[in-house]
Amino acid sequence: MSNASLSWLTKLNTSETPDKVLRRSSIIGTIGPKTNNVDVLVKLRKAGLNIVRMNFSHGSYEYHQSVIDNAKQSEEIYKGRPLAIALDTKGPEIRTGTTIDDKDYPILPNHEMIFTTDEAYAKKCDDKVMFIDYKNITKVIEAGKIIYIDDGVVSFEVLQIVDDKTLKVRSVNSGKICSHKGVNLPGTDVDLPALSEKDKADIKFGVKNGVHMIFASFIRTGDDIKEIRKVLGEEGKDIQIIAKIENQQGVNNFDEILVETDGVMVARGDLGIEIPAPQVFVVQKQLIAKCNLAAKPVICATQMLESMTYNPRPTRAEVSDVGNAILDGADCVMLSGETAKGNYPFEAVSMMHNTAIIAEKAIAYQPLHNEIRSLANRPTPTTETCAMASVSAAYEQDAKAIVVLSTSGFTSRLVSKYKPNVPVMMVTRNHRAARYCHLYRGVYPFVYEKKTVDNWQEDVENRLRWAVSEAIDLGIIKKGDSIVTIQGWTRGSGHSNTVRVVQA
C-alpha cells in the first residue's frame, strides 16, 4: 500500500484546476448576522454551501426561525441541490459566576485564590473567590489537576480540595477574572447531563421546524445519544444525530458512541483545550478512520479557514488543513465564524470548495476501496454486499456513475463507505433523505417527484430513465456510458439486493 501510495502521489497533476468538477465532500456554513439573508444564502449555495448550521449558543428562537425561513426561501429562488438545516446545541457547560459590579480583575502568575460552588458567591466573585456552577467539581477533580478558564486563556492548578464546596487554586499564568466564562477540566471525567433544559427546549424547537440534523455538543457516552433520541421522540425520529467529540471522555468512549450515533463531528475547538493540542490531529485521524469503517458520516470542524473571517485570503496552513481533512476521509468540512460574522463569507466557501475538489483528486480511490473491503466483517448483510459489489463493478466496468434507487438513503451511505471514484446518484422520493445525504461523501441527491405506479419494475425503470436523463443534462455522464445501478426487489427501505450494469 505504501509503495502504491507513493507512486500515486508522484504522478499527481500539480496544475489541477477545480473548474466544472463535482465536489464529493460537503460544506457546512454557520449562519450569522452577516449571512442571514435570502439573497446571501442563494449566493452561498451557488458558491458550494450544502448544509446550514444554526449555533444555539447564540440567538433567540425568533432569530433562528428567520434562518430556517430564509434557507427555505433561498431554495424557491435557486433550486440547485437540496439544502439541509442543522441545529447545533449549546450543550451542558461549566461557567464562572458574576464578578462584583461585573468588573474584570487582573491576576498575575502564582496568584492563589478560592474556587467555590457556594451559591452565596454566585454574584460576588472577585480575585479572591470565584464561583463555579458545577456542584460536583470537588468530587471529580484531584489536587495537581489543571482548570482552564475562558477557553484556556487563564489556567489554574488545584492546590487543595478544602471541603465539598471549596478548592484552593493557584494561577499558572497572568490574565483576568471575568464574569460568565467557560470552565474546562482537562483530564477530569465530569458527570454533567447530556442535555441541559435549554438543549431540550431547543431540540423540540428543531423538531417542530423540521430541521434535518442535530449537532449534539459535548457527547461523552453512548447513553447521551439515547437520551437525545428520547427527546426527539416519534416526530423527530428521522432527524440525524451528529455526536460532537469535544473532550477526553468522548474520545475514550468513542466506540460506544459510534454504535449509537448517526454521525460524528470532530469539534477541534474544545477538544484542543481538553487534550494537548499536539494530540488533536492524531485523534482527528483516528476518529475519521473509525467512522469511515463504520459507514458513519464524519465532519471536521473549527478554525479551518479562520483567518478569512477578516482577510480575503487564507493562510497556507489553513488550506492544507482543509485538504488534509479531506485526505483523512472527512465527509464534510465546516465553517464557523468565517460565514457567521466574517467579512468574506462567499470567498471562504469558494476557497473551501476549490480546496476540497483538488484534495479529492489527490486520493487513490481503488486501493482505499480494496482496503475497506478487506476489513469488512463477514458475512456482510445483503444490502452491504450489494453496495460493495456495485463499487467493485464500477471499477471493473469503468462505469461513470452509480445510481441508487433509494427510499431512506441507507444503501447510498453504504455505497459511499466503499469509496467509489465516480458520483453516486441517489434517486429518491424522500425529501428529508435527499437533504441529509449531504453527510455522505460522493452522494448526490436527485428527488423524483412523479407518483409511484402499481407495477414495481415499471416504477424502477421510470426512475432509472429519469436519473440517466438528468445526469446527461448535467454533464455527469454521456450517452453510451456504463453505469451501475442498485435497486430493491420490492417497495420500502432495507430491500436493496439487485446490482445491474446498464448503458446510459
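Even glycines carry a Cβ here, placed using N, Cα and C.
Cβ-based neighbour count (10 Å, all protein chains) for T302 (substrate binding site) stands at 20. For R53, G269, D270, T302, the entry in Swiss-Prot reads substrate binding site.
Residues annotated as K(+) binding site in Swiss-Prot, with similarity to another entry given as evidence: N55, S57, D88, T89. Within the same chain, the residues at least 6 positions away from S57 (K(+) binding site) whose Cβ sits under 8 Å from its Cβ are D88, K90, listed in sequence order.
In three-state terms derived from DSSP, F56 (ATP binding site) belongs to neither a helical nor a strand segment and is classed as coil. For N55, F56, S57, H58, R95, K181, the entry in Swiss-Prot reads ATP binding site.
Look at Swiss-Prot and you will find E246, D270 tagged as Mg(2+) binding site. Around the Cβ of D270 (substrate binding site), 22 further Cβ atoms fall within 10 Å across all displayed protein chains.
If you look up Swiss-Prot, you'll see K244 marked as site 'Transition state stabilizer'. Mapped onto three states, the DSSP output places K244 (site 'Transition state stabilizer') in strand. Neighbours of K244 (site 'Transition state stabilizer'), defined as other CB atoms within 10 A of its CB across all chains, total 25.
Taking a C-beta cut-off of under 8 Å and a sequence gap of six or more, T89 (K(+) binding site) has these contacts in its own chain: F56, L195, D199, D202, I203, I214, F215, A216, S217.
When secondary structure is read from DSSP and collapsed to three states, T302 (substrate binding site) falls in the coil class. The Cβ neighbour count for F56 (ATP binding site), using a 10 Å radius and every protein chain shown, is 23.
Under 8 Å, Cβ to Cβ, and six or more positions away along its own chain, R95 (ATP binding site) finds I132, D133, H180, K181, G182, V183. Cα-Cα distances to D270 (substrate binding site) place E246 within 10 Å, out of the binding-site residues N55, H58, E246. Between the CA atoms of N55 (K(+) binding site) and G269 (substrate binding site) there is a gap of 14 Å.
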